[in-house]
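Everything below concerns the one structure shown next.
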């Protein structure tokens, strides 16, 4: 939907006013490589996508904040003074949670607002629709109220909203990528310190294709906790061998090889190997992308999936089928699962001339082999949160 069409829906919903309606945007995100590293002291490598959430905001004078969306039927009208007093279990909890965090800042109190959200990110796709809503809300209100629009702080504020108000224990990667993304660049991020750098990711004639398995995830939390405890077990053993070691991902592969036999549980050793080698793959990916070597990056993507499947064991039949079928398409440079695993999405780097064939053939084979119907999203790398001025 164009901004002009969305403005039309806004007027249709809220009517005309002498107050100015302003337009803000935040993207979705994908993690290109570096999975299950954030809690192991490693790097992640996300990028903002070229589609996301648009928000139109206009002040009103009666102290009410009105929430509406083109994607959901649920709407809310809340007195500004009552914001955050009662959760709804609906999508509005995400922007309300951000407003609760903003209320803790020394900002002028507004009289009220009309808000209309329009999301292009499929819900439950693993492309961070919730982080996109949070970040666009935080940026919009800080801009309107004259606050500090530092994007790192907005990411942290949005994460607090999700953790403390919504009650979802997410890490910082999603909000950080949504807030700080840049067109044709990926973000090398150390989640613990928020130290980051932008790395060129110019895909040229290649597209990112995100394939949603539509597999319902089960037991994700218990499996996730099991992996974390296995990594902690490996770390405790290796700390005795390597003085000053704080995280598994601090180990170079050759250090791990020198001390791996101290980890007598083969499963725990496999988990640790994934962490060490995946972190090295992220660093190697950065170097090849600086040379614009997409072919080698694609090979690292393939290696990452094998490691997640065989060493970390967080893939599943549906993800494996999606990756296997993707790799059969001649124009595919690389394909891997992305996210926590046990379902969710894969990300593939595919030549633009082969994208239609990819969607058709991978989709058909996936349906035949699993009985499920996948969904495919063709993406580029876009900008992070921003105000859209003069855009129709």
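Glycine residues also receive a Cβ, built from the backbone N, Cα and C atoms like all the rest.
Of all the Cβ atoms in the protein chains shown, 26 others lie within 10 Å of the Cβ of residue 174 (active site, proton acceptor). The active site, proton acceptor annotation in TrEMBL covers 174.
The Cβ of residue 224 (substrate binding site) has 16 other Cβ atoms within 10 Å, all protein chains considered. The substrate binding site annotation in TrEMBL covers 35, 36, 37, 38, 224.
As annotated by TrEMBL, ATP binding site applies to 69, 124, 125, 126, 127, 128, 129, 130. DSSP assigns residue 129 (ATP binding site) to a helix in the three-state reduction.
The annotation Mg(2+) binding site is assigned in TrEMBL to 130, 162. Neighbour density for residue 130 (ATP binding site): within 10 A of its CB lie 24 other CB atoms from the protein chains shown.
The feature domain 'Galactokinase N-terminal' is assigned by TrEMBL to 9-59.
The domain 'GHMP kinase N-terminal' annotation in TrEMBL covers 99-181. Across the range of the domain 'GHMP kinase N-terminal' (99-181), the DSSP-based residue counts are 44 helix, 7 strand, 32 coil.
If you look up TrEMBL, you'll see 287-367 marked as domain 'GHMP kinase C-terminal'.
According to TrEMBL, the site 'Transition state stabilizer' annotation covers 29. Of all the Cβ atoms in the protein chains shown, 30 others lie within 10 Å of the Cβ of residue 29 (site 'Transition state stabilizer'). Reduced to three states, the DSSP call for residue 29 (site 'Transition state stabilizer') is strand.
Sparsest Cβ environment among the binding-site residues 124, 126 (other Cβ atoms counted within 10 Å): 124. Annotation for residue 129 (ATP binding site): spatial neighbours 28, 53, 119, 121, 122, 123, criterion Cβ-Cβ under 8 Å with sequence separation of six or more.
If you take the Cα of residue 126 (ATP binding site) and the Cα of residue 174 (active site, proton acceptor), they are about 10 angstrom apart, rounded to a whole number.
Per-residue pLDDT, averaged along the domain 'GHMP kinase N-terminal' (99-181), amounts to 91 for this model.
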